[in-house]
């Protein structure tokens, strides 16, 4: 019977090894005292009580009343912004600028190696951000999101690599797959379906599995960026200087990735959380302000971008939906590439 109770205790306590060990020690001490004729009403020692307490680092203890002071994570935000610009925005530029002889079309391009580095460095920086949060955050959700992020970014790596290499063969990003001159005359026509599948993996499946967990992790981190101390709700000068490049990258991410709906829902969730926490007397700390203001500036940049290209008939044809947000690379292949070709002919 005692063994059965011990097994049930271990089961109820989630089979934690330390907890089972403490329960076994208590039972052994009771039996020893009974054999020696001593008092069986034993109390657990301080060390046993200490072992029974769950480790707060694993998210088992969460106190809404305890707030730790948080400084601006300048190093992480700087590395995060720098690698986003170099490894994400810079990869198609590196692919176009570097000589084709260095990276043949049947081998990975320089941009592909940039993408590989991005797929490793970005999850690491996101995890470091979560670790520095002053509050205990749901680690399981973070880990699952990181796994999905890496998988989605890897899917995008393959599709994006082929699509960007097609530029050297005359592929035009401002046109749909079937309207591209190098695609529409392919025989048999089932090859066109294969290229459309590749485009789907690149622009839809890859982007969804990449960006949804990315914004989810940022939002989870944002939930821990509240403090009751007004003095912590100030951004240092370094944060203000870094906000411009960060916002500009988010503009590129939203427009090129065609994820405006995901972005705007994340932004609305942030606004709702800020208003909800304000009722409790909590304000954003410097890290939360940096992220929140970056999203606000991003929204302004997107609005300017859409207004500027509002009357572009060719881009309107490619983006016929209610939400009209052209991709920067579609704009480049349509206007800037033609401009460069005109200058070369002169």
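Cβ atoms here come from the backbone N, Cα and C positions, even for glycine.
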Among 241-258, 259-276, indicate the range for which TrEMBL gives the feature transmembrane segment.
259-276
Counting only residues 6 or more past its boundaries, what in the same chain has a CB within less than 8 Å of a CB in the transmembrane segment (113-130)?
73, 76, 79-80, 83-84, 86-88, 90-91, 94, 137, 139, 142, 146, 149-150, 153-154, 156-157, 160-161, 214, 217, 220-221
What parts of the chain pack near the transmembrane segment (142-159), using Cβ distances under 8 Å and only residues at least 6 beyond its ends?
112, 115-116, 118-119, 122-123, 126-127, 130, 198-199, 201-203, 205-214, 216-217, 220
